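S.K.: Just dropping this structure here.
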Amino acid sequence: MNIVILAAGTGKRMRSALPKVLHPVAGRPLLSHVIATARTLQPSRLVVVVGHGAEQVRAAVAAPDIQFAVQAEQLGTGHAVRQALPLLDPAQPTLVLYGDVPLTRASTLQRLVDAARDGRYGILTVTLDDPTGYGRIVRDASGFVTRIVEQKDATPDELKIAEINTGIIVTPTAQLAMWLGALKNENAQGEYYLTDVVELAIEAGFEIVTAQPDEEWETLGVNSKAQLAELERIHQRNVADALLADGVTLADPARIDVRGTLRCGRDVSIDVNCVFEGDVTLADNVTIGANCVIRNASVGAGTRIDAFTHIDGAELGAHTVIGPYARLRPGAQLADEAHVGNFVEVKNAVIGHGSKANHLTYIGDADIGARVNIGAGTITCNYDGANKFRTVIEDDVFVGSDTQLVAPVHVGRGVTIAAGTTVWKDVADGVLALNEKTQTAKSGYVRPVKKKS
């Protein structure tokens, strides 16, 4: 089967320099959703017709299995499909999809393809409570499709028809090429409409078959930012419903955003306003507090992530405790039972089993062993303005508050570092490391007093 995806439109009502089909739903371009669905049907040829912003669109979705046809001048949907004809296998049927209709299920498209087997012409239709503005499907007394009539051309009786044309079709390719060549642009827009092919197929004696989606929203397209927002909420509600069906506890299904793939184990609980991006895995009994952002991360069983935590490109072991207001950046790896508390940032660092950094700390480019306590205000000084260096802290080290570790530096097992120490040399196992300081007390000192105006 050939699949053609129309993605050449200008999208004027989007009021954006970005091509319409590249606007995101759930963190991915509209067109990427359509391509992903198309691939599940295993087409022999997959062609995307580009036009407005063609180079941007190509760059965004280019892949070995995708061919591109160019519609240099925007002359309608029929003209767009015509540009794809040289890339199609004429012996296979062609399914036509739209790059701004992202939520159509693969099962719906398969139903249409199955209905149109043996050389039939298939149309995806949908029945709407309010069909105003759409082309109506007109059937004869036997139920056969006789034509599609546009709103402006419909009779009063035809306007009562609730079944409308979605524009998604499947048809024999050789005949499609012939019909496209016969299209005329005698309309107000001066364009060649793909919908006009239906009448040509009927005149040629082709049987017109239809299929309908399970849900009305599967055929919704995007022409404005308001419609884009509407589809985003529909998609996110679908994701939330699937999570609930899998046993995930959501404090409010209307306040979760999944912009990628979220895999959850048993008894996972997610509070409100959480955003998941990229590829995220939450193991059994994970609890996520409110207002967290988690991107491309794996979270071990029994972990608790408190409110306002940001995690990006990190791996968390089992029973870790993170936040609130913590930040784990790419390369952060936490072993089982590690703690990273409020206003702690970890980047490209390993924190060992049971180690804790509970307050106001920066850990970057570091290897920290097991059972290490990192006091408040500790900083690994990893950057000299040109190069990054690593800090190594062995097992069972106690780091006092307000410590600076100037990398590259190695701290041995069981070391105690006194509060306020700057460590710039390696420290041997088991010692107390401190900077000698003298505390002086002066009598007779008087603090300045503000003068009253």
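Heads up, the Cβ atoms here are built off N, Cα and C, so glycines get one too.
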S.K.: Can you find which of ALA357, ALA418, ALA419 Swiss-Prot lists as binding acetyl-CoA at the same site as ALA376, ASN382, TYR383, SER401?
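M.R.: Answer per Swiss-Prot: ALA419.
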S.K.: Can you tell me which of the binding-site residues GLY9, ASP100, GLU150 is spatially closest to ALA419 (acetyl-CoA binding site)? Compare CA atoms only.
M.R.: ASP100
S.K.: How far is it from LEU6 (UDP-N-acetyl-alpha-D-glucosamine binding site) to ASP100 (Mg(2+) binding site), counting Cα to Cα, in Å?
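M.R.: Rounded to a whole number, the Cα-Cα distance is 8 Å.
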S.K.: Starting from the Cβ of ASN382 (acetyl-CoA binding site), draw a 10 Å sphere and report how many other Cβ atoms land inside it.
M.R.: 23
S.K.: Just name the most isolated of the binding-site residues GLY76, GLY99, going by other Cβ atoms within 10 Å of its Cβ.
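M.R.: Looking at the binding-site residues GLY76, GLY99, the Cβ with the fewest others within 10 Å is that of GLY76.
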S.K.: Take the region 'Linker' (226-246) and count its residues per DSSP category (helix H/G/I, strand E/B, coil), listing them in that order.
M.R.: 20 helix, 0 strand, 1 coil
S.K.: So of LEU6, ALA419, which of the binding-site residues has the fewest other Cβ atoms within 10 Å around its own Cβ?
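M.R.: ALA419, out of the binding-site residues LEU6, ALA419, has the fewest neighbouring Cβ atoms within 10 Å.
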S.K.: Reported as an integer number of Å, what is the Cα distance between ASN382 (acetyl-CoA binding site) and ARG329 (UDP-N-acetyl-alpha-D-glucosamine binding site)?
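M.R.: Taking the Cα atoms only, ASN382 (acetyl-CoA binding site) lies 15 Å from ARG329 (UDP-N-acetyl-alpha-D-glucosamine binding site).
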